[in-house]
Amino acid sequence: MMESALTARDRVGVQDFVLLENHTSEVAFIENLRKRFKENLIYTYIGSVLVSMNPYKDLEIYTKQHMDRYRGVNFYEVSPHIYAVADNAYRSMRTERRDQCILISGESGAGKTEASKKVLQYYAITCPASEHVQTVKDRLLQSNPVLEAFGNAKTLRNDNSSRFGKYMDIQFDFKGAPVGGHIINYLLEKSRVVHQSHGERNFHIFYQLIEGGEDDLLRRLGLEKNAQQYQYLVKGNCPKVSSINDRNDWKIVRKALSVIGFTDDELLNIIASVLHLGNVQYGGEDSGSAYITTETQIKYLARLLGVDGTVLKEALTHKKIIAKGEELMSPLNQEQAASARDALSKAIYGRTFTWLVNKINGSLAFKNASVIGLLDIYGFEVFQNNSFEQFCINYCNEKLQQLFIELTLKSEQEEYEAEGITWEPVQYFNNKIICDLVEEKFKGIISILDEECLRPGDASDITFLEKLENTVGGHAHFLTHKLADGKTRKVMGREEFRLIHYAGEVNYNVNGFLDKNNDLLFRNLKEVRAQAATQFKNSLAKLMEILMSKEPSYVRCIKPNDAKQAGRFDEVLIRHQVKYLGLMENLRVRRAGFAYRRRYETFLQRYKSLCPDTWPNWDGRLVDGVSTLVKHLGYKPEEYKLGRTKIFIRFPKTLFATEDALEVRKHSLGMSYSQKTKYRKMRQSAIKIQAWWRGILACREAKRRREAANTIRRFIKGFIYRHQPRCPENEYFLDYVRYSFLMKLHRSLPKTVLDKSWPTPPPALIEVRYICHESVIRTVIDSSRCEMRDYKMVASEIFKDKKDNYPQSVPKLFVGSRLSDDCANIIHPSPQYAVPVTKYDRKGYKARNRQLLLMANSAIIVEEAKLKQRIDYSSLKGISVSSLSDGMFVLHVACEDNKQKGDVVLQSEHVIEALTKVAICAEKMNSININQGSIKFNVAQGKEGIIDFTSGSELLIAKAKNGHLSVVSTAD
Ligand SMILES: Nc1ncnc2c1ncn2[C@@H]1O[C@H](COP(=O)(O)OP(=O)(O)OP(=O)(O)O)[C@@H](O)[C@H]1O
């Protein structure tokens, strides 16, 4: 639980930044990140935002056990994790029936793709499934390697960098099973197809095909098994990367393509065509016109693309112009032809990518579903030289920040309203002003760019810059070299304009702005140009619309160093990202009012021991309990507010003080319950023995005084009658013997209940026998404890990591009998064990007065008010139970036995214990099925019933609309 981790806050930091005392201090923020990173705690919250540090090493935190730990539990009960975000979104979608989205941002290499993969895996493994669903799950998971092959590349910053923004919808049916998906791609970095910087590569698929492609295939495509042969693959001088195995990846991609349903080789023809296009070379005529010198390439291209070679040649050396209303083909010079060729390559690749995404969407399509969207998009990018791409990416981030602020403020405001707490205005920077500067109609930068492309005359990047100066020159967030003061001029180029984004200043070089992303070929140049940025603006607007309609969760990824090294915390780099991710602004908005809020029951449960009025239990209204508690703790009125269902605490220090007080209190409570019980038992037996001893002593004294004269005679007579029942003749003698025995016992009284060294009592003494009897009982209890320990081992084998409420059963004793909590059942082992249970029928009706009795070596008897149902161990065929934390279980009974009335559906508070005992008594340890989703069972006369299990906030057992028995289990 979040609160319990606070005790170690000095060492491991706080797991929610809202608990930082000085929440406006960037230094404190970074220090907290550092502490946690050092302890491999890569996840930290800012309220409900997850901050994730890339560990650059495999941490053991993504196992099935981890997934189980996060299933159906409250966000704050477990340590921060991407699974908590995934689970929270899933549960909100299920319970509130609202579409969700998870926005993952961060700079290249910060771990966005890994995070979205973890979310997908979480759903693939933990969500219920059917056979049909399995295919969809496979397709969803397999779409990843395909998209990565075509959309990812090795860059200097990340060996597997996504070179496109991705929004993916995962669609779930009414049962919560993933049944479909939909992907939208943004901003594919097409320029990479034709050019790569030093140390970088083209998209993975090219190398995979060349390295891994079968000989036949390569022959058909006219390719050689050598990446060095291809102009488009040699620019970065980096064909091989140690962390990438192209040959293996090829196999994975081929398999994934077939799972998604790509059977034809059309796709590979296109990939090969791009490589051939790259090798098309030009010569120059005297007139300056370009001609093609590489005929082989044209031959392959014509075949692979299914076009006429002559037409293709003309298209690669000419452009279409319209002169005096007539279409004419005008020859290109060598340089123009080369760029036309590259533009064609980019266009082909870009369209293939979109086609691929559409095809994947087709294979995943599903209607009428609830949706969780995953947006994985580059964070703010600031390089030495920033161009059109950075402009688009940063604009996108600006919009996402605007959305974040709007939605966080909105949800804070809504929560305050729902709780009846007055909203206090929050001071924050609203970046709408920057969004407007970029996107406003007619006056915004994008509109000006469109206009410049369309206007007649010689428009250029520089005229665009001038136009910007004239139109938005006075804007507070815009600057150019010309408009800047002397100092700023020194750090700005003449071809640059500066935008003061929410995250900081960025200078953009206008060079190429007009040309970027344009298909130069086959189409009217200006028409196409004019759409470039607007298209992006529109698709971004659509994305914002999609996101606005959903409830968002945020994951902010941070890269700890540029060297891709584990354990290295580069403070400068991290500070930079904290700034560009807007994390301090996030924190400010989240901390504007109250740092901490919890539901009354949770708060009271945790801290009730700190106030005598609320400890051990509070019987009144929860709000009054909390109010009494915090008053007792001395909270000042300005430190907290009580809402309808929650307490709001303004400062972390108030919570810390409470948590520290709890720690002290726990120590003072000291003695555990079991120690106390043991002590009490020992004390009781000592008192009993001492009382006897005192009585006997008094008796002896009296007798001595009264019968001194007869002592010897009585003693002898007593000895003679010693084997007789107590009578006047042996009374004196027996008392003496008893006295001596008890004296001996008194001198060496056993120190613990476990001590078995009781002296043998004289046979005739009833009282002493009783004492010994007790000792025997204790011995039996002890041995039964050993037996219970063995039972615990069996329980662990059956349930550990398989059933959610197994961990809760671990500290609880498995007692001999839960009905009569004394020793009777142990001494008279019939029934051997008894466990209280509730019996349910198919429709969810309960039977009353029930107990499950396990008879030694024979049968299970479910006793009810009117009838007993007996199940012989031999007819018990198996046991089914869900993997969640409910207490339902089904005893499957052989149907050929006519005496039986079908399977028995039971529920127990002590389900782990009950099933362990049943399994052991009936020797069915291997016949317990732990199911996810649902359990089928037989009802009398061959009818069938189904129990569906889901997790939710309240335990509920009821008949569902579909006739099934629906069990909603809670986390605890
Ligand atoms: N949670 C993690 N555990 C272990 N390693 C990780 C984790 N997250 C990221 N990494 C490592 O960091 C590398 C880069 O991560 P990833 O590809 O997810 O970054 P990204 O933010 O998607 O980058 P880009 O924007 O360039 O695509 C991964 O290949 C992996 O080696």
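Positions of Cβ are set from backbone N, Cα and C atoms, glycine also.
Because TrEMBL annotations are produced automatically, they should be read as predictions rather than curated entries.
Feature annotation from TrEMBL assigns domain 'Myosin motor' to 13-663.
Secondary structure at Thr113 (ATP binding site), as computed by DSSP, is helix. Within 10 Å of the C-beta atom of Thr113 (ATP binding site) sit 21 other C-beta atoms, taking all shown protein chains into account. Annotated ATP binding site per TrEMBL: Gly106, Glu107, Ser108, Gly109, Ala110, Gly111, Lys112, Thr113, in sequence order.
The annotation region 'Actin-binding' is assigned in TrEMBL to 540-562. Helix, strand and coil content of the region 'Actin-binding' (540-562), in residues and according to DSSP, is 9 helix, 8 strand, 6 coil.
Per TrEMBL, the feature domain 'TH1' maps to 788-971.
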Cβ-Cβ distance under 8 Å to Lys112 (ATP binding site), same chain, at least six residues away: Ile104, Ser105, Gly106, Ser162, Asp376, Ile377, Tyr378, Val555, Cys557
Any further residue of that chain within 8 Å (Cβ to the Cβ centroid of Gly106, Glu107, Ser108, Gly109, Ala110, Gly111, Lys112, Thr113) of the recorded ATP site: Asn54, Asn158, Tyr378, Gly379, Cys557, Lys559
Neighbourhood of ligand 1 - binding-site residues from Glu107, Gly111, Lys112 with Cβ under 6 Å: Gly111, Lys112
Coarse DSSP state, helix versus strand versus coil, of Ser108 (ATP binding site): coil
Proximal but sequence-remote residues of the same chain as Glu107 (ATP binding site) (Cβ under 8 Å, at least 6 apart): Arg157, Tyr378, Gly379, Phe380, Glu381, Cys557, Lys559, Gln577, Tyr580
Surrounding CB atoms that lie within 10 Å of the CB of Gly106 (ATP binding site), all protein chains: 26
